[in-house]
Amino acid sequence: MKTVNILVEALPYIKKFHRKKIMIKYGGHAMIDEAAMDSTARDTVLLKYVGMEPVVVHGGGPEISRAMNKMGKEPKFIEGLRVTDEETMEIVKMVLVGKINTSIVSKICYHGGRAIGLSGKDSNLLLARKRAPHVVRDDETGERREIDLGLVGEIESVDPGIINMLTDNNYIPVISPIGVDRDANTLNLNADTVAGEVAAGIGAEKLIVLTDVPGILEDPSDPDTLIRRISVDELSDLVKSGIVEGGMLPKTLTCIQAINDGVSSAHIIDGRVEHSLLLEIFTKKGIGTMITE
């Protein structure tokens, strides 16, 4: 009887989101734990089979750093941004496109989905420009200086054509966060930003970001202070007050921007919880934080 009740509870959401695009950002535990990735891939396929149109963007920062260390190249970061020279860019492409993307595609296909891997270079999906030099301030002298981050980009535009073509033909696009500039140079992009920009570009109903925390917390040190629903204005106030910080800040800002760009709702959920995707979409209570206008 419990199973029947679960199915009945899910029905209104299945009807509401039928034929709607759902952007899913794979990250955190769902990227490094085989069982978690397998579970997330299975849930993604289920969304497709009940009539939704999932689109996946993945990151891969820790995997890139591990690959660099194996090759004897030390990863360098400036205030959380990876310095990307040409050699590093080759490693980034190898890990994101050659390893992580193909792994996600194969898992989705194993569970009965029809996944196709893409990068932002395919069909000029993600047109980008080189990021301006990053300005840092010396705490002792107060002197400000510019540091060139190399082949790090920021998105200029999203061409949704190839994604729409794939979803219209029952495929699940899986996108690596790599862009291309107007001179055909490859650029390293932030995966959270890519997920938000693509979600807006394809008119997604939802943006769901998988992380390693329960969601947005009133007290970052207490998982019991989960905020289950919050408006963009309320969330912006939390950002200004410093409650949202560290690794959650870019994810939160991505969600705010996505809502402002027309996505109906954004969700930050714990990818370590089995079937977290399904619990967030198909239950009234959800499992993480839902952000709305």
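Cβ from N, Cα, C; glycine included.
DSSP assigns Lys25 (site 'Transition state stabilizer') to a strand. Among the features that Swiss-Prot reports, site 'Transition state stabilizer' is placed at Lys25 (among others).
Annotation note: Gly60 (substrate binding site) sits in a coil segment as assigned by DSSP. Residues annotated as substrate binding site in Swiss-Prot: Gly60, Gly61, Arg82, Asn188.
The number of other CB atoms found within 10 A of the CB of Lys251 (site 'Transition state stabilizer'), across every protein chain shown, is 25. According to Swiss-Prot, the site 'Transition state stabilizer' annotation covers Lys251 (among others).
Of the recorded positions Lys25, Arg82, Lys25 has the largest number of other Cβ atoms within 10 Å of its own Cβ.
Other Cβ atoms within 10 Å of the Cβ of Asn188 (substrate binding site), summed over all protein chains shown, number 25. Fewest Cβ neighbours within 10 Å among the binding-site residues Gly60, Gly61: this applies to Gly61.
Excluding the listed site residues Gly60, Gly61, Arg82, Asn188, the same chain places Gly59, Ile64, Ser65, Thr84, Val92, Leu96, Pro177, Ala191 with Cβ atoms within 8 Å of the centre of the substrate site Cβ atoms. Taking CA atoms as the reference points, Arg82 (substrate binding site) and Lys251 (site 'Transition state stabilizer') are 17 Å apart.
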